[in-house]
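Visitor: So Swiss-Prot says this about it:
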| type | residues | note |
| --- | --- | --- |
| BINDING | Arg78, Arg103, Asp130, Pro131, Met132, Phe133, Ala134, Thr135, Gly136, Gly137, Thr138, Asp199 | 5-phospho-alpha-D-ribose 1-diphosphate binding site |
| BINDING | Ile193, Gly198, Asp199, Ala200 | uracil binding site |
Amino acid sequence: MKNVRLISHPLIEHKLAILRDKNTQPFQFRMLVDEISHLMIFEATRDLNLREISVQTPVATTKARKLATKVMICPILRAALGMLDSVFTIIPDASVGFLGFQRNEKTAQAEFFYAKLPKDAKSRLAIIIDPMFATGGTAIDAVKFLRENSVKQIKFISIIAAPEGLRRFSEIYPDVEVYTAAIDERLNEKNYIVPGLGDAGDRVFNTL
């Protein structure tokens, strides 16, 4: 899977260990999701385009570079809202395009229910964020929706992923890079990631 980027860093691994722990409290879980996302966004944005500008410092005029790429952050509701602030902190001029998917517990499939994109979405790099990448179904549907709305540049950031979902996604969208901090063992019979960390949305919003 050439499009999958596993981000390995001692700080991320340390925070992941606490994030996975079932005894980690919701307030700490939210903080860890935010911090891990903060660290991951650096790697995912490594190839953004820059433009040269002239800056007047207190001492002299110098050349500098600023972002030329316009970014649209696309959190998948609701769990990804826990990742949004950290990305905004790094890219404050980004726009947000909301994508709403809800898991159907009977079918274990994600059902689309809401979308709100900025008017200039098609001219932006879309960075989809979702803490869990399980079957790949939500990711596939999210990319399909963006492509149908003329968004050409897309990346995906997920904290934990399952190999089954990554393989399925990569077969359909080999051109979309996926950044993850961990590739776990497998999916269980309910399509939950093993060992995983449970339901990220419930743990972020304390609705267990």
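From the backbone N, Cα and C atoms, a Cβ is placed for every residue, glycine too.
Neighbours and distances for these, please.
Guide: The Cβ of Ala134 (5-phospho-alpha-D-ribose 1-diphosphate binding site) lies under 8 Å from the Cβ of Ala161, Ala162, Gly165, Leu187, Asn191, Tyr192, Ile193, each of which sits 6+ residues away along the same chain. Taken residue by residue with DSSP, Ala134 (5-phospho-alpha-D-ribose 1-diphosphate binding site) is part of neither helix nor strand, so it is coil.
Counted within 10 Å of its Cβ, the other Cβ atoms near Gly198 (uracil binding site) come to 17, all protein chains included.
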Visitor: Within 10 Å of the Cβ of Thr138 (5-phospho-alpha-D-ribose 1-diphosphate binding site), how many other Cβ atoms can you find? Include all protein chains, please.
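Guide: I count 24 other Cβ atoms within 10 Å of it.
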Visitor: Provide the number of Cβ atoms within 10 Å of the Cβ of Ala200 (uracil binding site), excluding the reference atom itself.
Guide: 24
Visitor: Listing them in sequence order, which of the binding-site residues Arg78, Met132, Gly136, Thr138 have their Cα within 10 Å of that of Asp199 (uracil binding site)?
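Guide: Cα filter at 10 Å returns Met132.
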Visitor: Given the binding-site residues Arg78, Asp130, Met132, Gly136, Thr138, find the one whose Cα is closest in space to the Cα of Gly198 (uracil binding site).
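Guide: Considering only the listed binding-site residues, the nearest one is Met132.
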Visitor: Under 8 Å Cβ to Cβ from Arg78 (5-phospho-alpha-D-ribose 1-diphosphate binding site), same chain, six or more residues apart: give me those in sequence order, or none if nothing qualifies.
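Guide: The answer is Gly201, Val204, Phe205.
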Visitor: Out of Asp130, Asp199, which has the highest number of nearby Cβ atoms, where nearby means within 10 Å of its Cβ, if these are the binding-site residues?
Guide: Asp130
